Number of protein chains: 2
Amino acid sequence: VIVNVLFPSGGCFCRSTFLVDVCACLCVLQIDEEVAKLLQLKAQIGGDDGKHQFVLKTAKGTRDYNPKQMAIRERVFNTIISCFKRHGAETIDTPVFELKETLTGKYGEDSKLIYDLKDQGGELLSLRYDLTVPFARYLAMNKITNIKRYHIAKVYRRDNPAMTRGRYREFYQCDFDIAGQYDGMIPDAECLKIVHEILSELDLGDFRIKVNDRRILDGMFAVCGVPDDKFRSICSTVDKLDKMPWEDVKKEMVNEKGLSEEVADRIGEYVSLQGGMDLAERLLQDHRMSQSKQACAGLSDIKLLFSYLQLFQVTDKVVFDLSLARGLDYYTGIIYEAVLTQAGAVPAPAEAQKGAPAEESVSVGSVAGGGRYDGLVGMFDPKGRKVPCVGVSIGIERIFSIMEHKAEVSEKVRTTEVQVMVASAQKNLLEEKLRLITELWDAGIKAEVMYKKNPKLLSQLQHCEESGIPLVAILGEQELKDGVVKLRVVATREEVPWTHGHTHKYTHSLTQQIPD
Amino acid sequence: VIVNVLFPSGGCFCRSTFLVDVCACLCVLQIDEEVAKLLQLKAQIGGDDGKHQFVLKTAKGTRDYNPKQMAIRERVFNTIISCFKRHGAETIDTPVFELKETLTGKYGEDSKLIYDLKDQGGELLSLRYDLTVPFARYLAMNKITNIKRYHIAKVYRRDNPAMTRGRYREFYQCDFDIAGQYDGMIPDAECLKIVHEILSELDLGDFRIKVNDRRILDGMFAVCGVPDDKFRSICSTVDKLDKMPWEDVKKEMVNEKGLSEEVADRIGEYVSLQGGMDLAERLLQDHRMSQSKQACAGLSDIKLLFSYLQLFQVTDKVVFDLSLARGLDYYTGIIYEAVLTQAGAVPAPAEAQKGAPAEESVSVGSVAGGGRYDGLVGMFDPKGRKVPCVGVSIGIERIFSIMEHKAEVSEKVRTTEVQVMVASAQKNLLEEKLRLITELWDAGIKAEVMYKKNPKLLSQLQHCEESGIPLVAILGEQELKDGVVKLRVVATREEVPWTHGHTHKYTHSLTQQIPD
């Protein structure tokens, strides 16, 4: 059609017009070709007009967990949950979405990252952004004044995903909180004991738990001469000290936040301090700090905290660090954060190395954090009744990333727990195999059989090796006649004959054979 | 202001105008009063202008799980997951939302029940409606041709909630599926074995597993004279036989679906049949059924299935029932459904009894269902490659309801697993208690201490009784001097002294004392 239009069969045309037309024509043909290619591509990746035309992907910033990832996830969860249970915690669950207004006004600027549901007629709903606000809502709604609970569940943030560094739009949070009016610092100390236990057991390498107190920070700002209305803003500048040198932090304080050099330098002296109970004692005597009632209350609590931490035998990893200033507005007392201290502890996966700056690959990450928030539940209570809370959140996604990387490098991760493969050496033994596997299942033994009538022995043994099944019970005609079954240890190829038909003997000697 | 307008201080007015004005004024005052009341009410239930003004509720059709419910949930999950693992299943997880188009065209009319997310710029997303479609998407996307996996996760349906009967808008599904090209009926039989194991272990009372085959249904409709285009519609009428007597089902077939009486009666003869392998054999000889290739293929498979079920020793509960006709379009072969057969097996909670009809309280519910769906994965594959699948879904919410009811009636549900309470008989023993509990925690023992410096012994013992802690270690000054700790069995008040300071002896004898 186009050709006909560009080369009219009649009429006059000069040479130059002809060339222009040819060019145009070629151009159009080229465009047509490109369009066809694009349409083909579109058809390949899926369009909207056919049956088999799906975009095969998960939503942006989310991922499936394959069986290997799930096996790692399960192992990490088991370690963490065991610890929570050892400390007498209960668990609760809340819906994945809340009334939109429940979340309103809790996250400041970050509220823009909340996923809203479409208004399909009915309530306005949003996906939960963390587990702390639903917990506070749960306490206020059920008028619960004390509970020790953990909650492990997915939360949702429309953040810029950085999936190669373990930042997703759908991710797990793993929270432990103690709510109730108790004597000072006992629950706070238990939270730190729990972080210590979990990080030790997960074997992620060396770590430190930094502690500070919101009241010490505020008191320090006051005695250094920071105007009241700049506390929060200066706090968030101090928070950058783990990523920026003091000079840059100071520059931000002076140039952007409008502090005088003198005030900034006073702050600088304090935030460089790290220590233990001794530091708290020293600061209680400090001529400036001692003028702030708030700071003194915080410092006394740090002293008390450390006395409990000594009894809990965890002071080796805990450091009182005046530069720790966690972002969340709702903290009212002690705050803490655990970091891995080994360089390279957080490995950068292959993809990240391409584009990201080099430091990323040796960045040492925060793997747990928390603090005391005595005011949040009151925000939900119609009468504003307060329920003091202290809690910790384990940075489970970062831990997954580390464990996944470890697993890739070193060990083979089993995705099933099968103990015995029921196999056959000859044909026509399916019935015998199903009879045997029924005995095993009914005795609580994890067992598999291939879904083929006559699989080759080799393929059955290969399956054992691939999926790490330690034992294989091999049925053969001769053995059936003799009333025995050969049991082979896959790794060593050692064989043990069993008397057939005596389930208990059977399963007993089997259980003896199974490696842990 | 209004009063001034209605009663101008100057100017002429006649009596009648005055009365009208008074009426109007009173009326307005009344309206004002009503408005004030409403505003007050609004303020009480929460508005948008105050700090403490929240509607304290979960979204419609959803619920929190409290610690007791979670303990029951965990127990049920453990039983089910153990069974899946015993059968060598892996597990996967998928995001809670999918691209909207992934779900499009999979659920027919029910698509209107899908929760969509708000378009906040980016992809159009919907909450998952079940776990089967995400599973098929996962297989096609990762080109997986065989896997045996389970997936336990929440799904979302904007259905009319009936929370007292366990129907929620957010609820768990618990799926086990075997994907892959295998020899006939071996995986299908294993699915039924799994249902048998799970329902037996959960101890929900007697049950039956009905089986049928989509091909037998279709073949039966064909030989009975149902027009091809009415198969699905007649199928859904047959599906009502578990709730309606045959007469009513027949009426619907004849009056609403337009079948002749003769055709309906033929169907009626077949759908009243129940049996085992013998019934399949008899129907293979049936003069009408034997004319349908499809029906014969299904019947042969039922025969083969029963031969495997005999080896698995589960035929006591499985019945071949020609009236079983599950709704979902995607089934292509065997279908099955497990029902509890004890009247009153599904108890009606107090709330339900108020309004719901009486039969509801004795309704016997389906607690598992599934079947073979060989075409679904192909719908996602760009080249339409098929991956045969068979699976089962455990009706976990109904099981929760039953277990919750049982727990309410009979036993005390523990919400923690604490084994030992570390208590003190006198004041000023907090340090000693924290030292002791550290030993216990570090030895892996689940232990609790009260977060008070000087709790009363009575309140510590009461806490043990309330939360079912079996043992209490009581520290006292005399015992500390003697280097022993009293260990008391809470239920019997028996006491055993321990030598203090020998952790291993300690924890060993402790472990001996702990009841299972």
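From the backbone N, Cα and C atoms, a Cβ is placed for every residue, glycine too.
Just so you know, TrEMBL annotations never went through curation; they're auto-generated.
Going by TrEMBL, these are the annotated features:
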BINDING   A:Asp130, A:Leu131, A:Thr132, A:Arg157, A:Gln173, A:Asp177, A:Arg326, A:Tyr330, A:Tyr331  L-histidine binding site
DOMAIN    A:61-403  domain 'Aminoacyl-transfer RNA synthetases class-II family profile'
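Structure with TrEMBL features highlighted.
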residue: A:Asp130; record: L-histidine binding site; contacts (Cβ under 8 Å, 6+ apart): A:Val155, A:Gln173
residue: A:Thr132; record: L-histidine binding site; contacts (Cβ under 8 Å, 6+ apart): A:Asp175, A:Asp177, A:Tyr330, A:Tyr373, A:Leu376, A:Gly391, A:Ser393
residue: A:Arg326; record: L-histidine binding site; contacts (Cβ under 8 Å, 6+ apart): A:Asp239, A:Ile335, A:Glu337, A:Gly369, A:Gly371
residue: A:Tyr331; record: L-histidine binding site; contacts (Cβ under 8 Å, 6+ apart): A:Arg214, A:Gly371, A:Arg372, A:Tyr373
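Counting Cβ atoms from all protein chains shown, A:Gln173 (L-histidine binding site) has 19 others lying within 10 Å of its own Cβ. When the record's L-histidine-binding residues A:Asp130, A:Leu131, A:Thr132, A:Arg157, A:Gln173, A:Asp177, A:Arg326, A:Tyr330, A:Tyr331 are compared pairwise by CA position, the greatest distance found is 22 Å. Reduced to three states, the DSSP call for A:Tyr331 (L-histidine binding site) is coil. Secondary structure at A:Thr132 (L-histidine binding site), as computed by DSSP, is helix.
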